[in-house]
Each structure stands twice: as C-alpha cells, then as structure tokens.
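S.K.: Here's a structure for you.
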Amino acid sequence: MSSFITSLSVFSLHLLLLLMGLFLSPVLSDPRGETVAQMCNNRTMTPQQKSLVVTNFLAAMDAVSPLLEAKGYGQVVNGTGNLTVYAYGECMKDLDKKDCDLCFAQIKAKVPRCLPFQQITRGGRVFSDGCYVRYDEYNFFNETLSSLDQTNCSEKEITGVNRTLFRDNAAELVKFMSVEAMRNGGFYAGFVDKRNVTVHGLAQCWEPLTRSGCVECLSKASEQIGSCLGNEEGRALNAGCYMRFSTHKFYNNSGNSTSDGNGGHNHLVVILAVTCSVVAFVLLVSAVGFLYRKKRAKKLRENKQLGPLFMLANKSNICFSYENLEKATDYFSDKNKLGQGGSGSVFKGVLRNGKTIAVKRLFFNTKQWVDHFFNEVNLISQIDHKNLVKLLGCSITGPESLLVYEYIANKSLHDYLFVRQDVPPLDWAKRFKILLGTAEGMAYLHEESNLRIIHRDIKLSNILLEHDFTPRIADFGLARLFPGDKTHISTAIAGTRGYMAPEYAVRGKLTEKADVYSFGVVMIEVITGRRNSAFSQDATSILQTVWSLYGTSNLAQVVDQVLGDNFNKMEASRLLEIGLLCVQAAFEQRPAMSAVVKMMKGNMEIPTPTQPPFLDPGSVLEARKMMSPTMDSPMEDQSQSSGWRSDNISESFFEPR
C-alpha cells in the first residue's frame, strides 16, 4: 500500500511539474508578435515598376503564409526579371503552430510600411521576438550578414543584482547559445543561473542557411550582443539569424539551463516532502488556473496582441482588396483625387457594380496615424445614422492602408461657406437644415447609439453635404469611447484650434460637452458666415462679436450679409442664443445635444447663457501658456483648416495618445 502511495505521489509530482511548466508559464500562448525592428533599404524603383512590384509583393507574401503554417517557415519567389520579389518568413522554434500563425499575421501587416507609394523600396524586413519576415529584389535566402543588420540594446541598465555577475552570466550564455544552437538544428533557448542571478536567452538561424553560414552568423551575433551585456536585455538582428538575452524568461518551455546546481537540489527536497493530499489540491488549483489562463490568454491574443485592425480585417463584410480599389480609382489617378491632407489623400472611385465610393488612402509614417486608422475603423463600423458618414470597409493588404466611405457629392460645409465660388450661397433654409441634422447626428453619438462616442473634432470641414444638403459628420480618427460610469476622461489634447472647449484645451478634461462647445462654434460660424478667429491676436473673435450684441435688438446684424433680408430674424436670434449657450465657459452649463435639438425645433425653452470663454484673444494665448510647450503644435489652426474637399484634405494634428 505504501508503495502504491509513493508511486502515486511521484506520479502526481511529475504531473504537477508538467502542468506548472507547460500551462502556468508566464509566457503562456504569447506569440511575441510586437515589432522589435523594421528595416527598409534605400533602393527604389521607377514609377512604371511600382504597380507590378506591389502586385508581386502581395502575391509573394500571401504565398508565404500557408508554407509557414505548415512547417514554421516559408520562402517564395514571385515575378520575373527586375520585377521579381523574393519573400521569406520564419517563426522561432519554441512557438507552437497557433502562436506562429498569430505572430506572422501581426508582422506581415507591418511590412508594407516599407512601401510608401511615393517611394516604394526594393526590400525590407521586420523582426519580432517570435517571428521574422523579409522581402527583397534578389535571392537573399542564404544570406548570412548584411549592411542592415542591427544590435538592439534595452535602455534600462541592470539594477538590483550584482552587475559583474550578471555580465559574466550573460556572456557565458551568449557563448553557450552560439555553440549549442548548432547541435540543436540551429536553435537554442535556455538560461544560466548562478549565485541567484539568472539570464535567459534564445538563438536561432534561419532555415535556408548552411551550417557554416549559421556558425558565421551566430559568431557575429555574439560579438554584437556583447555591447549590451550591461543592460537588462539585448538583441542581435541579422540577415541570417537572431539572438537575444534578457533578465526575464520570454521563450516557451523548450529551453535548457546551465546552473551551479545548489538551488535546484534544495528546491527538489522541499517538493518531495509534499504529501499526496497537498499535491492533489495543487493539481486541482492548477487545473482551474490553467482553464482560466487559457481563456484569458485567448482573449488577450484577440484583443491586444493581434490588434483591432487585424481582427476587423478578417470580417469579410468590411474588407476590400487593394487591387479592386486601385482599379476603382483608376490606379489613384489625379483626375479622381478629391483632396490631399497630412495623413493621406481621398479619391473618387467606381466599383465594378457601379457604386461610387470615396477612398481615403493613408500613409503610415507614424504610430499616430496607425492609431487614427484603427480608431476610425473600430468606431464608425459600429454606428449607423442618417447624419453620419458611412464607412463601407477598409483594406490593409496593399502598400498603404485604405478606408472606403460612401461618396458624398457636395463636399464639405467649409467649402460652401468659404471656398467654392461656383455655387450659390447657402440660403437660410439650407443652413438651418444642416445645423439641425448635425445636432441630431451628435445627439445620436452621445446618447442614442449603443456606444457613447465623443467625436473630438467637430468643425465645418468635417461636416459633408449630400446633394440635398443633408449633413454627414465625418472623420472619426480622433473619436473616443466615453464609459457610462465616468463623469469625464483625461486624455492628451487633440482637435482644432478655435473649436476646442477651454476645459479640454487647457486641462485635457474631456466630456461630451467638449463636442457641444465645438457645435456652438460651428452654429455661430454658419449663421454669421465668419470664421472664429479666437486664436489670432489682431482679430476679434466672432464669439465676442455675438456676445456683445446678445441682449440687444441688434443680434440679427451679425447674420451673413449674403443672405440680405432673406432669413427669419427671430429664428436667427434664437439659434445664435443656442450657439452662445453651447460655448459657455462652464461645461456643466452647456446643454446636452438632445436638448439642443429640442430647442432648435422650438420644443424647449432656451435658458439664459452666461458669458462665453476667451472673449479677448489675449486670454486665449495666456490659457495656451498654461499647457505644456509640447502641446502647441499638434492642434490645427482652424483658420488654415480644410476638409474633404476638391482642393485640400486636412486632418487635425494631435498629441500622442
């Protein structure tokens, strides 16, 4: 009987260690897909070659994926002559099949950043800690080293342990990895643990490399990474191999170890003393923990590691192929260009079914514009209202990412008021219709949709007009979800000067009342036909002008002169009063957008507004000085603002978020 119990205890111990080792690892199901480095070469091509090379590139990358899924790596050659594209991808050998697929899906989406359409480069590569991808114009599959190879040392130096001992252990591990990887098919993952100082590491040669090439690459990597030994971690990122060391374990449980042995023996004695009942209890806890971690890891992979764009891109109902959109716009011909802005261009296109669309073409030269794209796809794809621009879909398979919208024929409200000379001025009925529709769209965003959304960039150029002058609110790149249990959220400043609420512009305090303030400015601009010049030292703010006339019988004097006497003076005065109510200094005193709609329709009395903020331009400049100096440049001056229109496209500049 005792023999049976002993056997059961040993079996339970082994099972416990297996569960703890395989399932409760801190790196459970981590595909390690975050980009470590991206390298684009400086070899470019002629304009005539661009389209064909992009086509070959996309086909090659698509062909790599199933190969990598089947065996962990893949190499593809696509095209002929000087248009040939060589593509390669490989996962680290400690990743399982599922994590390999996830990792490659992440970095595959990053490679097109080496293909900005203005200057397509001939080659590029992306390293993550879980996988690697590269394309080029020549056969690089057996390449050992190249001029683009990098050494990547962490910024943090070693703290909390003996630095000399850590350096010694790290140096020993680096040397050990370069030797042992050759004995293990070009791969090694493990650690050195001496005198309670542990260093983890991983080294891998890419599959096409010869044995001698692998030796050369790892030898060079060992030299490179030697400059990082005083830091918490370091990486050597070479054409033929990858090497990394770190203070924490980042690889999966196929690693080996080098240890002085003292700690391991003591821990084993303690473990062997555990009784059968305790082991059984721990096994139960381990099983529960495993199920919880498995579920949690899956959710994390979907929501964070893959990113919102990757998940959305797999929903076929909003996906367009790059090739189809390219053809729809006649290969982004200048004759179809609707406008140009800081983040890209907008083109008119016609799909094969005859549907007219607008294609917003983004160039990802900063992380901010990537966030802008993710945000717009995430939010606008979940809302639907007659006064909101409808997002039809997106594409991330080409050299730049694309947003596809329904086509709005009449361009922006900014165009009609301040730019276009070929159209008659907006009459009073149209102005009222535009303002009411905009208010209804904003009320939907704030209160009526399943999501509580703050737009953060309501302005004339973001209000597009249908052929019948139905307004459509556009550009949700800066929009924010507003949790129902919050009174406000604090965020970096984003928006357009002249439209930003004071509490937000100065303190970053964001509520839906910031949008209300912006709408108040828009309302006053539409009625007066004048821009709000609050940020100009030598000009009088239209808000100041309207306020100075409030309470007198002369308020209608500020109505746009092009209307002559063809407007309802009482209605104009009421709308100007609502506008002043929306731009009050205290955000609590501004009405909700649903109340604005009721007041505009005459279904609710208009409360008496108090003095609006920033009545003299100098006070604006003083308020701006209260903010960090770095907050001066990101916000766009509305006097130079332009929207989705024939001569220009403008995106609001913003702080990193």
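Heads up, the Cβ atoms here are built off N, Cα and C, so glycines get one too.
The model shown is predicted, which means the values in this text are computed figures rather than measured ones.
From TrEMBL, here are the annotated features:
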type     : residues : note
SIGNAL   : 1-29     : signal peptide
DOMAIN   : 33-140   : domain 'Gnk2-homologous'
DOMAIN   : 146-250  : domain 'Gnk2-homologous'
TRANSMEM : 268-292  : transmembrane segment
DOMAIN   : 332-615  : domain 'Protein kinase'
BINDING  : K360     : ATP binding site
REGION   : 628-657  : region 'Disordered'
COMPBIAS : 636-651  : compositional bias 'Polar residues'
S.K.: Just give the helix, strand and coil counts over the domain 'Gnk2-homologous' (146-250), going by DSSP.
M.R.: 39 helix, 34 strand, 32 coil
S.K.: Suppose you look only at the domain 'Protein kinase' (332-615); what would the mean pLDDT be?
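M.R.: Mean pLDDT, the domain 'Protein kinase' (332-615): 84.
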S.K.: Please work out the number of neighbouring Cβ atoms within 10 Å of the Cβ of K360 (ATP binding site), leaving out its own Cβ.
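M.R.: 27, counting other Cβ atoms within 10 Å of K360 (ATP binding site).
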S.K.: With DSSP helix as H/G/I and strand as E/B, how many residues of the domain 'Gnk2-homologous' (33-140) fall in helix, strand and coil?
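M.R.: Summed by class, the stretch gives 47 helix, 32 strand, 29 coil.
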